[in-house]
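Among the features that TrEMBL reports, transmembrane segment is placed at B:21-51, B:86-107, B:119-139, B:167-191, B:212-234, B:240-262, B:274-294. Taken from TrEMBL, the feature domain 'ABC transmembrane type-1' covers B:82-293.
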Amino acid sequence: MKHRTLYGVAGLTAVALTLTACGGDDGGGDSTSDGPADLRMTVWTADEAQLALFQEIADAYVADHADTVSGISFETLPFEDYTTGITTQIAGGNPPDLAWIFESSAPEFVASGALLDLRPVLEETDGYDAGDLEPDALRLWENDGGLYAYPFSNSPFGVFVNTDQLTAAGQPLPADLIAAGDWTWDRAAEIAAATAQASGKAGLVVRDFDFALWENLGTIWSSFGAEPWSEDGSTCEFTSPAMIDALTWIHDQIFTTGALPGPGTTADFFAGDAALTVTQISRASALDDSFGWDLVPLPDGPEGHVNVIGQAGIGVFADGPNADVAADFLAYFTNPENAERLAAYFPPPRTSLLTAETLQGANAKLTTEQLQAVVIDGIPGAVTKPAHANFAQLQAAIRAELDALWTADADVSAVAESVCAAAEPLLAG
Amino acid sequence: MTTATIGTPRRQRRLSRREDVLTGYAFVLPQLVGSLLFVIGPLVAVVWYSLHDWNVLANSFTYAGTDNYERLATDPGFHDAMRASGIFSAGLVVLNVGLALALAVMLNQRLPGTATFRAFFFSPVVVSLVAWTIVWGFLLQADGGINGFLSQLGIDGPNWLREGPTAMLSVIVVQVFKNVGLNMVLFLAALQGVPREVREAATMDGASPWRSFWSVTVPLISGTILLVSILTVVGSLQVFAQIAVLTQGGPGTSTTVIVYYLYQQAFQFQEFGYASAVSVVLFVIVAILTFVQWQTRRRWVFHEV
């Protein structure tokens, strides 16, 4: 009898374990849920001040909507594996309700049908003023008239300058070159190379470019009139004369003039290891008073001045159990009042908020002149960093082929040909 | 009556034995259930996924039959990954087993300080793999510690992680230094199990130390060499973190080994079905290699009966 009891308990345990393991969410989400929803949003930022602001806005929403929402949490995923983290959660049957999505993944997320069309809820929410949203900023997130994410952050690229290093090297400051109408990539490379020579540190660092995330080089090649693929995403453009010129220029600055640090060299501008860096204004928070610095717009290229922005959107997963509630929260999270508060860290797509005064409130380190020149003037008409519905595969395939370019004796045209040979099948698919 | 007298104890013994067996099974049942859920279940699931096209974002899961396996056969990326894994495994097995055996022989001497050296060589085994790899990443930079040291000697070092041959060599060496201590300890244990009188007999018969090592010691530790070889081969085919941290599969695809390729397909490209097919093939390769190594033990493991 004792044994029978033992077998019975063991058997029931086994059955219970099996049912527990197999009885989980099917991954497709439930279209309805009982009671107030507990919303979850994935973000990449781990900045405590930013997360505190998110939570403050979310708590205010929960207080007003206790009947529909019981709580809202923000889950930080590592930047490097951010998109991978989201898709892994989806594959595991545990998708977030809302997610921050990078511009590079936008076409894939928008085209897949994974995201909810937000346009109806944004346009119907009282006081939302959807007409205030900058049309250029929305373009990447639209499909067949629908808007599949709110372009939450529109961060233009600019150039941070270590004025101490440039002065010590006897080089002109970019602000003076801008005033003289002589702020070009050639001049930037010239002073970067001379300063690197004098300081023994790096010259110009492009967005922490480590010779893997080649898309950051778009900040340079855009003003050469180059783009990695055609606007409809179907044709490789690495072999275009403009791109060959741009890649040749970049190669020369690495291996001939030494203006750009070579592969395998680590140089953190914000630690004082470089003279100039191309990056976004959010990095200003990493600056202290250890050296004099300035922030200026991107230099002009052969095709004139081209602004480049990085974008991030917030989308709601259509198959999530709380999609409608999540969309309503997103409308609250990004309404004019909250958008103004969030502008402290994330330049919004609202034209009414794109003023130096609004952004100055939260970017005390930057002057109104810097904000006007780099952010306010940098968003309208800007080129967005490369994005494609097949971006992940393109990123990896092009990275592998471009590796051949990062040697001193590389044949730029031959590398460009091999890049297109690898990219064309992925662009066609 | 007689039958009953004889049969009752037998039946009781049979019942008792049956109850013992069932009790034993009851005790292993939780582990068995765990294995079914977390080992066998996922294995079966991966095979099932490999027969499907699974688009996570579009929430589609369609039966594809053997399409993923047919694609594998013609996928140059997979072939590159197989080649990279082969080079990595060959390099790792030769260097790791050879160095571990050499260290074990040296540290098997009764000399002052050998315990310290044993601890020194074993210590990387207990260090976090990612932390170890990140540190090596800094050392192997173009302007990193290794080239800094070489420049002191007047040598212009290569850009270790950015040039094809040195990138693979770097990854292998980093892995060798990480795990050589574990194999060294296994060899040390085996060496200490070699009867001293056998070696003394060889010496008295006029065998040189080298001859004694190859003809006496190696055969007596051949069982451990087999074990270490199997573990190293299996481990080498599963390498991932070192590649992800040090080279991300580059330059080109020279260090894109099978598991890194699998990771790219599944978690970067959202090709979960195809990645599952890759993992099934990897499982089969590991199983075959282990089986072959095990089956050939009779040829070269000395004391195997």
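Cβ from N, Cα, C; glycine included.
Of the Cβ pairs linking the transmembrane segment (B:21-51) with the transmembrane segment (B:119-139) and spaced 6 or more residues apart, fewer than 3 are under 8 Å, so the two regions do not touch. Remark: the transmembrane segment (B:119-139) makes no contact with the transmembrane segment (B:212-234), by the rule of 3 or more CB pairs under 8 A. Nonlocal intrachain contacts for the transmembrane segment (B:86-107), taken as residues 6+ away from its ends with a CB within less than 8 angstroms of a stretch CB, comprise 114, 117-118, 121, 168-169, 171-173, 175-176, 179-188, 190-191, 213, 217, 225, 228-229, 232-233, 235-237, 239, 255, 257. The transmembrane segment (B:212-234) makes no contact with the transmembrane segment (B:240-262), as judged by fewer than three Cβ pairs under 8 Å among residues 6 or more apart in sequence. When Cβ-Cβ distances below 8 Å are used as the criterion, the transmembrane segment (B:274-294) is approached by residues 43, 46-47, 49-50, 68-69, 71-72, 78, 226, 229-230, 233-234, 237-238, 258-259, 261-263, 265-267 of the same chain, each at least six residues removed from its ends.
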